[in-house]
Each structure stands twice: as C-alpha cells, then as structure tokens.
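Below you will find the structure I want to go over with you.
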C-alpha cells in the first residue's frame, strides 16, 4: 500500500502526505452521501463525528484531533456550568486558544510562508479546520445563552437559532466534527444540524435529488483548480520582492496587483467548491424551495462563494454577501449586530470591530490586520459612492457613478488583498507604496467627501388625509 501511494504521488508530482490529504478531502463527498443511509438520529450523530475525526487523523495526524478537543470541551463546559455567560466565556476562550496555538506554530515551530501550492494546502486546511470549529462552538454557546432570554427585543437571527435545551454530548460531537464541513467550512448552526440529523423541519419530507447540484460544484472545483494552476506560475507572489517589479511603471504594477489577487482567489474557490459538493450531497445544504414557478430547490447553506459575484461586484458592500458567505453571516450575527446599541444605527466602529475580529480569526499576521482595516475603509468608501448614485438626478449620472463604484471596488480590493497574501508588514507596505498608497488614499478621500457632499434626502410622501 505504501509503495502504491508513493507511486501515485510521484505520478502527479506531489508528496505522499499531500496525496493523502487530497484523497481525504475529496472523500468527504462519498462520506456525506453514505450519511443519508445511516439509520437513526443517534447513529447519524456518531457517524458524523467519527468520520470527521477519522478523516482528520488520516489527513493531519492524531495531534489535530487533540487540538479540536480543547475548544469543544471549553464550549461544552461553559454551557454546562455558566449558561448565562457561556457565549462570552466560549468566545474569549476559543479565540484565546486559537491565538495561543498559532503563537506556538509561528514562534516555536515556525513554518515558511510561501505562495499557495498543493504542498501548503495541508497546513491551510489544518488551520482552517480549527478555525471553522472555533466559530461553531462559539455560536452554539451563544445560542444556548440566548435560550434563557425573552423573545421580546431579540433580533430575528437570535429568535431563529436560540437553543432552549442544551445539546447532548453525542449531538455536540457530531455537530463539531461533521466531516462535510470539517476541513474548510461552511459554518452552520446547531439548530439546523439537529433538524437535519433528526429529519425535522424542511427535512421532515423527502428532499430533492442532490446529484445535479453536486456535479455542478465538482465541475466548478475542476475549473477553479485548472485556472489557478495555469495562472499562478505567471503571477507569482515572489515577484513583489524582486527588482523587476519596481522597474515597471505605475500602471504595470497596478495591473500586476490586480492579477495577483485575481489568481489567488481561485484556490479558495476550489476548496469551497469541494466542501459545497460534500454538504449538498449529504442533504444539509438544502434550504427549501424558491418562490418561482415551478419552484426550484435551494442549496444556500452549502454555498460559501459566488464566483461571479466577487469578480464582478458592483460595490464593496456586496463582497461580504458573496465571499466566504457563511463566515460573513456568522460575523454579522455574532459580532456586528451585537455591537449595535439599541436605538442607534450602526456605523464605522461596528464595521471596524467586526473586521478586527475577522483579522484575529484569520491570524495575527500584520498583513491580515492591515487587510481587514483596509476592508473597513473600502466598504465605507463604497457606501458613500452608492449614496451619491442613489441620489443622482438622471440615469446617465447614475450609470457613471455605478461604473465608478465597480472600478473603485476592483482597484481597492485587489490592492488591499496583497496584505492577505504576503502577510508580512514590510512586504505589504512595500507593495502599497509601489502604487503610491492609491488603494488607501481613494477610500479615505471618498469618506471625507461624503461628509461634505451629502445628497439631499428625498421628501417623505405625505399621508393621505
């Protein structure tokens, strides 16, 4: 078996550990299919947890499952002993553990930060598994804390996902390690997981066939990986530290930044497409029927990215709705909305706080932190342009402003995401400086102009007497 694995790995030009991971990652799809045939809710909980733990062991080794035990135990103990404050305790404890673990990885056993390849796909998804688990245990604990609050005054998401009863250990085990989303997401709610496993709610009646949407996700994954493998040798990240890059003119450097960001995104599209296929084929991705005639099955819970929505975004405000969709939803429910004081409108501070939590979740690298601060500026600047667009007096001006918002989003997003890729403070600032900080200056100018050029409010319609 070992010789066969070595021969197979050599034939496609990867190491045996990488081949083992890729096989396990793709195996989440047939594993999700088999889940549908497992009898009984308890059997399905055990199957979900055990297959997730087994695939993690085969992919990353025994240490990965030992890592997962820590936030899982912390979250369950908080629910068991401190229900009222379980959400806060788990939030601080799980994020604290994630930060501590990364501190050990970075400073005790440092790894080289290199551009994406099959070789570092393993470390990306090993970290990703712990990141996804962190969000899942936090949301479960927060919803259990919300279960003792009165419904009056709760937001819609709180009412929908609050847990009045603590999940059993078996239910919690299956929820945390369910293999379909264990490696790279998407994040989902405990209440949805329980209804899916117990075949209640929208799963009480037979669900539509998942085969065609699963096939679509697999075709998308193949296209995304093909594009990445084609583009990445032509636009390597290492170019940002080479003298050749600084010999180019301003527009050439700006174009290279765009292509670098464009290229890097296809690796995430590939990973999320495989995860989407696994969630769809298990049935968990099903979210009901559309209101069209005839009605069509929706699989929104499985969807983590809208590729065209990202690449053709008309406004930066749209990006959280189409990129890493389930994590963006989690951040909105459990950070952004909870930072808004009752009776007050959300503003830049709530957005910045949410982006800061996102940066910490991704990792305390300078590039991540800079990227998410940039994101807050980018979104706020885009909101200003959108307000001008909505208040424009004629269709021509509205069209011009709509195009400017599209161009603004394209510019600032791909400029900002260099920090997300290179991670180091020095390289991030050097790449920003090479284009005269245009992607930082433009959003700030838009925000400042928004405080000066305020569109007139449309008069309210008079009430009929």
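Positions of Cβ are set from backbone N, Cα and C atoms, glycine also.
Not my notes, these are from TrEMBL:
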TRANSMEM  12-35  transmembrane segment
TRANSMEM  55-81  transmembrane segment
TRANSMEM  88-109  transmembrane segment
TRANSMEM  268-289  transmembrane segment
TRANSMEM  359-379  transmembrane segment
TRANSMEM  400-423  transmembrane segment
TRANSMEM  435-453  transmembrane segment
For the transmembrane segment (268-289), name the stretch out of 12-35, 55-81, 359-379, 400-423, 435-453 with the most CB-CB pairs under 8 Å.
12-35
Counting only CB pairs under 8 A, let me know which of 12-35, 55-81, 400-423 has the most with the transmembrane segment (435-453).
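That would be 400-423.
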Give the nonlocal contacts of the transmembrane segment (12-35) in its own chain as ranges (CB under 8 Å, at least six residues past its ends).
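Tertiary neighbours of the transmembrane segment (12-35) are 5-6, 44, 47-48, 51, 55, 58-60, 118-119, 121-122, 125, 179-180, 182-183, 214, 218, 274-275, 277-279, 281-284.
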Quickly jot the same-chain residues contacting the transmembrane segment (359-379) by Cβ under 8 Å, restricted to those at least six beyond its ends, or write none.
95, 98-99, 102, 127, 131, 134-135, 316-317, 319-320, 348, 351-352, 409, 412-413, 415-425, 427-428, 439-440, 443-444, 447
